[in-house]
Amino acid sequence: MKIIRVQDQIEGGKIAFTLLKDSLAKGAKTLGLATGSSPISFYQEMVKSPLDFSDLTSINLDEYVGLSVESDQSYDYFMRQNLFNAKPFKKNYLPNGLATDIEAEAKRYDQIIAEHPIDFQVLGIGRNGHIGFNEPGTSFEEETHVVDLQESTIEANSRFFTSIEDVPKQAISMGIASIMKSKMIVLLAFGQEKADAIKGMVFGPITEDLPASILQKHDHVIVIVDEAAASQLDSPNQSLNLVRTKMRR
């Protein structure tokens, strides 16, 4: 696991985009994408770029259960507004949160992932250490599944809704086992509220109580953090290859 420290989220997006360009130059064709505030600066770099993504396939991590794609709180809507409308892909896959049989939808999504192995997976991390919507206690062997969201996740996501009561209580999420099959993982985290989760992910025991800790076992993970999110990584009793990067403006 390589840790790259950056000045702020904007610089973090630039670094992530540089990593993507390197991956594309090596033949990457399928991107695993995330939502939320952490990857927005990365998507902004993609949108500003002259690169053409029309030969790429994207597979998103998750979607709320019960929201139409036209809802401005759906992740389908988020992706269109932040990336896909400006930069069309060959094919974009997201779980169908309105599927009549959501268990069958989860199985269908696993088949999509199997047919399109992910070359470059973007992740955020929740305050409780979740990746995707894989909450604490999720089996590391889990593939795409229906999730009952924890109160801490509902509260954290309520800032995107009119009220906390409007936040969906379930989601369909790519599982940890599926995420771990990705060839390369880039995790972005910004802000003091992520510091505990980052410390646990990097230095803590590998435990289902902190889902992101499983990333210690992946061969190619790059973590991009600002100083606040990295604030608990400095310790005289812990050793880690921390890279401080300064981008040219």
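For all residues, glycine too, the Cβ spot is worked out from N, Cα and C.
Taken from Swiss-Prot, the feature active site, proton acceptor applies to ASP62, HIS130, supported by sequence analysis. Among the features that Swiss-Prot reports, active site, for ring-opening step is placed at ASN128, GLU135.
With a 10 A radius on its CB, ASN128 (active site, for ring-opening step) counts 19 other CB atoms from all the protein chains.
There are 23 other Cβ atoms within 10 Å of the Cβ belonging to ASP62 (active site, proton acceptor). There are 26 other Cβ atoms within 10 Å of the Cβ belonging to HIS130 (active site, proton acceptor). Packing around GLU135 (active site, for ring-opening step) is summarised by its Cβ count: 21 other Cβ atoms lie within 10 angstroms of its Cβ, all protein chains included. Cα spacing between HIS130 (active site, proton acceptor) and ASP62 (active site, proton acceptor): 12 Å, rounded to the nearest whole number.
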